[in-house]
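Annotated features in TrEMBL:
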DOMAIN    28-251  domain 'RNase H type-2'
BINDING   ASP34, GLU35, ASP142  divalent metal cation binding site
Amino acid sequence: MDLSELERDNTGRCRLNSPVPSVCCKEPCVLGVDEAGRGPVLGPMVYAICYCPLSRLADLEALKVADSKTLSESERDRLFAKMEEDGDFVGWALDVLSPNLISTSMLGRVKYNLNSLSHDTATGLVQYALDQGVKVAQVFVDTVGPPETYQERLQQRFPGVEVTVKAKADALYPVVSAASICAKVARDQAVKNWKFVEKLQDLDTDYGSGYPSDPKTKAWLREHVDPVFGFPQFVRFSWRTAQSILEKEAEDVTWEDSQTGDQEGLKRIKSYFSKGPRARLPHRYFQERGLESATIL
């Protein structure tokens, strides 16, 4: 899998895809959606779709695809290579979401939680297949959150498509298993070949599993936290595990105007209930940025 685009810039998101088989633009197709790397504190999350004509679904099943979590890395690589060889009827596409994008989304002023990010990414990939001319007739999705509400949401978005959302769909439907293999192969390769934008000395690339509960992963996080600048962008700093280490290992930051600003705000709020002229508060945009009217040029 060619991840050169991600390697050039791994701070945001990128979309990769196979050529669309011509038969998929002519015959009704089945499409599966799954992800890899939702839970780890390290590395990207990858969402993938895989699709093929309904008339060739038996051929996809004959590849012996299975839930990627039950396969070894070599087995996943072999099956993905086989799907590439069968590119005359199997297509795929994926979105790679960087740790930086995930964390800034979750901690932004307007909160964008992981479920919403996952739902929107999956929806975007289904729409992408449709935009590429794939005649999507059925969609099977491994659920994130309650499957009933997720299915209803997708069905409303794609009224002309039969949508099924299930827990453990990657073990139930071969087309979802195929998508899970695409996602896992991409994530494994991205993690293995991650280009650190930070100039780190004596970098230890033995991260462990990357999951927050892994002692080796926790040790790696403690070893690679900078007391001022925090973690490399390989780390999802919005995860509680990372935040706890920052609180213990990094320097505290005190905003000099925080307390004064709070007291000022309270005073002005009370002024609304007092007699006399009301003080006009500047717009929040100016308050948050510490901007004041210029009196001298």
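Cβ atoms are placed via backbone N, Cα and C, with glycine included.
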Rounded mean pLDDT for the residues that make up the domain 'RNase H type-2' (28-251): 93
Among ASP34, GLU35, ASP142, which are binding-site residues, the residue with the most C-beta atoms within 10 angstroms of its C-beta: ASP34
Cβ-centroid neighbourhood (8 Å) of the divalent metal cation site, ASP34, GLU35, ASP142 excluded: VAL33, ALA36, TYR47, ALA48, ALA122, VAL141, VAL144, ALA169, ASP170, VAL176, ALA179, SER180, ALA183
